[in-house]
Amino acid sequence: MASSEPSDHFEFQAELCVPCGNKLGECPLWDDMRHKLCWIDIQGKSFWQHDPLGPAGNAQCFHLPSRPGSFCLTGADGGYIIALETGFSFLDVDSGELTPITEDLEPGLRTRLNDGRVDCQGRFVVSGCVDKGDVPISAVYRLNTDLTVERLLENVRCGNSICFSDAGMFFADPAFRGTDSEPVGTANTIWRFADYASTGMAGPSQVFVNAAGRPDGSLIDAEGCLWNAEFGGGRVVRYLPDGSVSMIVKAPVRYTTCATFGGAELQTMYITDASAP
């Protein structure tokens with residue numbers, strides 16, 4: 001665990017790539033089959049694609065019937081699974097067709113699906129988010145490969161930073177204070193569930209890092225390090241497996257939301273942002 005930043009970390013500066021005017025850009029992913037960068041605009045109710053080899057700043061926008069929270073690639077068929085406000089659907093961008101997988105997961109609640117990633121077993125794990133108020137009434141869901149859904153964690157306010165490695169599952173939520181009887185951590189804590197592969201989120205949790213800013217989306221790189229976008233911090237921070245800071249990428253925007261690697265050999269970092277909190 002670490003909560004302070006060393007003075008010997010490396011710093012880099014990001015530059016504008018696509019002037020898309022998103023309200024709340026999120027969940028950037030590289031589609032290697034199409035050689036395109038994909039992401040969503042939550043408040044803009046849209047799915048986006050960008051071809052880095054095309055004209056500068058090019059982008060395609062696909063409008064959606066409700067707010068998306070995250071999405072994943074389905075594999076060899078080139079499709080996507082998208083977490084819309086109330087449930088999961090298949091998305092075919094070639095036809096524009098949406099095929100529902102689940103019914104409303106939280107009927108009657110003012111919540112929506114939010115951040116999500118595919119775990120090491122190929123299952124799509126997505127957290128809910130409370131739209132209005134601070135009462136943690138949402139949950140974390142797992143869409144299994146047979147399209148059944150499990151609830152992994154209750155009493156969630158707005159889950160973020162979901163990602164996976166051999167070290168377990170990582171997760172952040174301002175309302176979560178650990179699974180021990182004595183609350184620990186802060187609203188800016190990123191947690192690690194080391195036994196996720198066997199117990200899901202029912203097992204013990206440990207503080208991975210108490211971040212300096214508000215943790216938003218995260219990803220794991222090939223060296224097992226976690227990159228986290230700090231919402232309001234205008235940067236993406238790389239944490240070593242021991243929680244210490246090794247790199248910081250500063251962005252020319254304030255509300256950084258998530259990051260991914262894409263392009264040839266996944267050597268380029270792409271960062272999404274929001275226009276306002």
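Any Cβ shown, glycine's included, is placed from N, Cα and C.
The number of other CB atoms found within 10 A of the CB of Asp216 (active site, proton donor/acceptor), across every protein chain shown, is 27. Positions annotated as active site, proton donor/acceptor by TrEMBL: Asp216.
The annotation divalent metal cation binding site is assigned in TrEMBL to Glu26, Asn160, Asp216.
The substrate binding site feature in TrEMBL is assigned to Arg112, Asn114. Long-range Cβ neighbours of Arg112 (substrate binding site) (same chain, at least 6 residues apart, Cβ-Cβ under 8 Å): Arg67, Gly69, Glu85, Thr86, Gly128, Cys129, Asp131.
Marked as domain 'SMP-30/Gluconolactonase/LRE-like region' by TrEMBL: 24-274.
Long-range Cβ proximity for Asn160 (divalent metal cation binding site), meaning a same-chain Cβ under 8 A and a gap of 6 or more residues, is found for Asn114, Asp115, Ser127, Phe171, Ala172, Asp173, Pro215, Asp216, Gly217, Ser218.
Taking the mean position of the Cβ atoms of Glu26, Asn160, Asp216 as the divalent metal cation site, the remaining same-chain residues with a Cβ inside 8 Å of that point are Cys27, Asn114, Asp115, Ser161, Pro215, Gly217, Ala229, Phe231, Thr257, Cys258. Following the DSSP three-state reduction, the secondary structure of Glu26 (divalent metal cation binding site) is strand. Taking each Cβ in turn and tallying the other Cβ atoms within 10 Å, the top scorer among the binding-site residues Glu26, Asn114 is Asn114.
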